[in-house]
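Asks: Handing you this structure, nothing more for now.
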Amino acid sequence: MSQHIQMTVNDQQVGPVEVPEGLKMIEFLHEYLNLTGTKFGCGAGVCHACTVIVEGKNGVSEVVRTCISGVERFADKKVRTVEGHAKRNSEGEITELTPVQMAFLEHFSFQCGWCTSGFINETTALMERLAKAPVAAADVEQVIEEALKEHICRCTGYVKYYQGVKDLILNTKGLTY
Amino acid sequence: MKATSLSRHSFSRRLKGAVLSLAVFGGTAVAQAAQDQAGLIAQGKYLAEIGDCVACHTPQGGRELSGGLPFETPFGIVYSTNITSDKETGIGHYSYQDFYRAMHEGISPNGNLYPAMPYTSYHLLTDADTRALYAYFMNTKPISQENKDSEIGFPFNIRMGLKAWNLMNHEDSVFTPDPAKSDSWNRGSYLVNVLGHCGECHTPRNAIFAMDPTAHFQGTVLDTFEASNITPEELNRQNWTHEDLKQLFTKGYSRKGTVFGGMYPVVYHSYSHLTEQDMRAVTSYLLDNEADIEALPLAFNGHDKAAPGYNTYMGYCAGCHGQDGEGRPNVAPALAGNATLDRTSVYNAVSLLLNGIVSQHYNSTTSFYAMPAYADKFDDQQLTDLVNYMRTTWTAQKADIGVSKVKDIRTNMKQSVH
């Protein structure tokens with residue numbers, strides 16, 4: 001049995017498209033949209049590698065794991081994947097990375113890169129939350145720990161990820177006081 | 001000379017023999033006493049496990065039996081106490097009589113205990129078992145940890161009031177086997193009602209917070225979850241078999257779902273230690289049936305794609321619980337015939353969706369992942385549709401839960417949690 005789904009992915013309208021029952025969002029991204037930057041890790045919602053951003057209620061973004069979420073969950077919603085962050089020119093070439101992507105590059109945060117898209121999306125959502133509700137500079141480490149603690153990096157590069165995020169938050173105006 | 005010499009030698013030999021006999025006899029007696037004491041301590045350890053002492057007297061991440069775990073009561077917070085053999089801060093200075101009174105009457109050398117300590121169930125312990133427990137506790141590793149003062153408001157902080165409560169609600173009596181039932185059934189009753197003190201959670205309380213004997217095991221709300229109705233009528237209606245209960249009590253999960261909330265530590269620390277014989281006694285008592293029970297097929301009534309709740313299930317739940325509710329080994333339980341869904345009350349189904357479930361670890365090969373909380377994701381109508389959908393799809397229950405019911409549960413839960 002099939003159904004018709006539509007949504008907005010990286011500012012592009014997708015669908016209505018006919019999809020089979022039980023299709024997971026990560027399969028939809030990979031097989032229907034050719035957006036393979038979102039990685040399939042544990043397949044059980046534990047490692048958070050497959051995290052994407054969904055525009056939630058009141059304009060507040062939330063992160064959602066796509067390996068355990070059916071495509072129905074994203075119907076009529078605005079979704080951002082790792083491909084939707086960097087700026088591109090009219091030919092689709094990347095011209096500018098986001099501060100989050102730059103921070104991870106500058107800190108040599110990732111090794112194999114499988115978990116990177118999850119870290120980028122979670123950190124981006126965190127930055128957006130902090131822009132609306134800044135925290136005390138002294139609490140930044142705790143805030144990062146809360147936001148990123150579920151993300152598993154099999155290369156165990158946590159320290160460099162966390163350092164990158166900490167530097168970025170402390171050096172971005174308006175996120176702390 | 002010869003005769004004298006022989007006689008002297010003979011006397012000496014007899015004397016040595018007698019001394020040796022006494023030494024051997026004495027040594028045997030000492031060894032026997034030590035063996036008896038070791039046996040008594042081992043018996044007490046088993047009884048303490050079944051009595052679930054560790055779960056309540058161990059703080060999160062703390063040392064076993066050292067106390068300090070908070071219990072929210074309608075009157076304030078009570079902290080469990082240090083029950084290690086430490087003489088200063090624990091119960092190492094208790095005489096047997098002190099221990100007996102604490103277990104049977106709820107009176108410690110420092111005064112009345114709050115009934116959060118289930119002496120209202122333990123009072124039926126036999127003297128022999130109480131002695132075994134005493135032997136065990138007096139041989140636990142002493143841990144020096146001061147007890148925390150309870151945070152009970154006036155006037156309930158005046159412990160003298162507990163004397164009046166005990167007069168009305170408590171009487172130290174002895175366990176009386178039911179002659180119409182088998183030894184195994186009676187053993188099960190003793191384990192469940194006395195040591196296991198299951199009624200303390202699963203029996204509703206009356207106006208003065210004593211267990212209501214007319215509603216034995218009929219289930220009641222405790223904080224965020226409802227301790228289930230575990231009467232034989234309900235368990236048999238849901239087609240629990242001896243094997244199902246055994247699986248649930250030893251592994252924390254069965255074909256009818258997993259334990260959660262307060263039952264997880266009970267299984268982990270307590271019921272998983274039951275001997276095979278005692279387990280059968282417990283299941284025979286709970287089911288009120290000693291014969292084997294046929295396991296009927298679990299319901300899967302097929303998907304109704306037009307039903308509200310279908311898309312929510314497929315979007316949020318199917319990833320872990322399976323497209324057809326088949327579950328995933330070591331991740332999430334199956335939903336077909338799931339006991340939480342297959343209940344007259346939807347309290348737990350709603351509360352689990354609102355609050356989620358913490359991850360559960362049973363052994364090196366078996367764990368269940370945490371279930372996220374959806375309190376901020378679903379409104380009352382979505383929750384109602386989802387619960388109704390799941391009940392009609394995987395049980396024989398009807399889609400008759402109204403949104404007001406779900407709203408009430410959410411509201412009351414917020415009040416109880418905060």
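Cβ atoms here come from the backbone N, Cα and C positions, even for glycine.
Pasting the relevant annotations from TrEMBL:
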- B:C53, B:C56, B:H57: heme c 1 binding site (BINDING)
- B:C198, B:C201, B:H202: heme c 2 binding site (BINDING)
- B:C317, B:C320, B:H321: heme c 3 binding site (BINDING)
- B:39-141: domain 'Cytochrome c' (DOMAIN)
- B:183-290: domain 'Cytochrome c' (DOMAIN)
- B:304-394: domain 'Cytochrome c' (DOMAIN)
- B:1-33: signal peptide (SIGNAL)
Asks: Using DSSP, what's the helix, strand and coil tally for the domain 'Cytochrome c' (B:183-290)?
Replies: 58 helix, 12 strand, 38 coil
Asks: State the count of C-beta atoms found within 10 angstroms of the C-beta of B:C320 (heme c 3 binding site), not counting that atom itself.
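Replies: Result for B:C320 (heme c 3 binding site): 20 neighbouring Cβ atoms inside 10 Å.
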Asks: Around the heme c 1 site formed by B:C53, B:C56, B:H57, which additional residues qualify by having Cβ within 8 Å of the site's Cβ center?
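Replies: Neighbours within 8 Å of the Cβ centroid, excluding B:C53, B:C56, B:H57: B:D52, B:V54, B:A55, B:T58, B:L65, B:G67, B:L69, B:S80, B:I83.
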Asks: So of all those binding-site residues, B:C53, B:C56, B:H57, which one's Cα sits nearest to B:H321 (heme c 3 binding site)?
Replies: B:C56
Asks: Looking at the binding-site residues B:C53, B:H57, B:H202, B:C320, B:H321, which ones have a CB within reach of chain A, meaning under 8 Å Cβ to CB?
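Replies: In terms of proximity to chain A, the binding-site residues that count are B:C320, given in sequence order.
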Asks: Taking Cα atoms as reference points, which of the binding-site residues B:C56, B:C317, B:C320 is nearest to B:C201 (heme c 2 binding site)?
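Replies: That would be B:C56, the closest of B:C56, B:C317, B:C320 to B:C201 (heme c 2 binding site).
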Asks: At the Cα level, what's the spacing in Å between B:H57 (heme c 1 binding site) and B:C198 (heme c 2 binding site), rounded?
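Replies: Computed Cα spacing between B:H57 (heme c 1 binding site) and B:C198 (heme c 2 binding site) is 17 Å.
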Asks: Any idea what the Cα distance is from B:H202 (heme c 2 binding site) over to B:C317 (heme c 3 binding site), rounded to a whole Å?
Replies: 29
